[in-house]
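Contents: one structure, followed by commentary.
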């Protein structure tokens with residue numbers, strides 16, 4: 001957090017203090033609950049609960065059990081330690097607003113590092129408190145580092161790296177740049193004989209909000225450039241450099257040292273996500289959950305928590321809101337074990353998107369195309385090319401999903417987020433809701449709909465790469481295998497389908513498809529004779545569709 005620019009934006013300060021209390025966004029947002037957060041700490045897991053700390057009076061904290069819904073918890077520093085009044089005399093006039101805390105676990109306890117400063121001054125200090133759990137109570141352990149002039153490394157924005165038996169802290173803002181210093185794992189303070197080393201920035205340039213991590217044989221330093229804390233006018237963006245040593249030199253992809261202005265850009269403003277900053281990394285269930293804040297362009301620039309994905313390519317990280325790559329997938333409900341299904345297996349406009357018994361049918365394969373900022377267009381793999389659509393662009397609970405021609409609107413785009421357990425949530429861009437199986441149904445054919453997120457497993461999905469097998473359409477010509485009688489038949493009466501001996505038990509469902517490709521009637525196959533009576537359908541040609549695990553067999557029937 002830059003206090004060089006912060007004091008010039010009193011309106012932004014007020015906005016931050018308000019939104020740190022609570023935020024309800026007026027537009028689609030995957031994360032729920034108390035997500036008004038500035039300068040988020042690293043997320044840590046304790047038991048089955050995730051914790052995050054942030055800039056604010058007395059160090060606010062939040063917790064979550066799924067990384068989706070966040071709930072207010074107690075403050076970490078209800079009482080200001082006396083040493084701060086001596087080291088940073090004007091801090092007491094700042095409503096005890098601590099900046100940019102970070103939390104780490106080592107030596108059998110949690111260490112919470114925090115910044116004490118005042119707007120527009122390099123007089124700052126980083127302190128540390130300890131606790132057995134993130135819930136506290138926290139016991140203050142005193143000062144770690146301090147700064148008095150712009151020639152010092154400004155003592156704010158701590159980032160802690162636990163590297164085996166070694167612990168390091170990156171810190172700094174503008175002034176003399178970003179420093180890394182080794183800490184004593186037994187005290188959490190500067191290790192005897194260790195001095196801060198400049199690793200990026202300097203000469204009053206805009207470098208702050210560092211995050212130091214290790215991946216494989218490299219150390220990576222993420223830093224914010226630009227300025228924060230000015231709502232939609234914030235210019236923060238995230239850069240990175242890497243080194244084989246935690247104290248550098250850190251260079252970018254071009255080999256330029258971060259001390260000389262280098263830095264490979266990873267993430268900047270995009271759409272509603274303005275001024276992303278303050279990286280923290282949680283490794284969980286094989287995924288890299290990166291916590292940042294952004295200023296919401298759809299909510300007057302309010303600062304909010306975002307959790308995004310990090311991957312690596314050629315030993316360089318990339319940050320993205322995409323949790324899966326573009327490609328073809330099956331989508332299985334965690335509760336029912338059934339797949340997204342173009343119900344009727346024709347893929348025509350208006351066809352319901354429902355859940356169906358898991359199979360290798362093409363109507364259960366879905367093509368994901370990225371549309372930016374973690375959202376996707378989801379298209380049936382059927383030849384029609386229709387996409388998943390929110391009926392009438394609705395946003396109310398109970399609104400259903402269907403197939404429709406691609407319109408490139410927000411009713412046909414879905415943000416996908418990976419939860420703590422590795423499952424996924426689908427959130428239409430036009431709505432606050434998520435996709436679910438209504439009523440947690442386990443019945444095949446239940447049309448998918450929207451509902452408020454509540455953590456039900458009926459709202460969670462596993463996404464798996466689909467095989468390249470194609471749907472097989474067969475016209476079976478032998479009446480010994482399948483017969484239809486009477487055919488033709490009166491439209492207000494009915495007919496029966498008789499399966500041959502070898503066909504009994506092979507097919508799961510029989511659909512009657514009208515001339516528009518919609519399912520007019522459907523029955524579960526439980527024996528060798530399937531009868532439709534009192535149809536009361538329009539006259540015309542209908543397709544009888546018998547669906548098995550890996551193919552669809554069709555016959556024709558005429559209603560007169």
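Glycine too: its Cβ is placed from the backbone N, Cα and C atoms.
The following features are taken from TrEMBL:
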type	residues	note
ACT_SITE	39	active site, proton acceptor
ACT_SITE	208	active site, proton donor
DOMAIN	316-404	domain 'Ricin B lectin'
DOMAIN	410-480	domain 'Ricin B lectin'
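Cβ packing within 10 Å was compared across the active-site residues 39, 208, and the lowest neighbour count falls to 39. The domain 'Ricin B lectin' (410-480) scores a mean pLDDT of 85 in the predicted structure. Taking the C-alpha positions, the distance from the residue listed as 'active site, proton acceptor' to the residue listed as 'active site, proton donor' comes to 11 Å. In the domain 'Ricin B lectin' (316-404), helix, strand and coil residues by DSSP number 6 helix, 43 strand, 40 coil. In the three-state DSSP assignment, the secondary structure recorded for the residue listed as 'active site, proton donor' is strand. Across the domain 'Ricin B lectin' (410-480), DSSP classifies residues as 9 helix, 26 strand, 36 coil. Residue 39 (active site, proton acceptor) falls outside any helix or strand according to DSSP and counts as coil.
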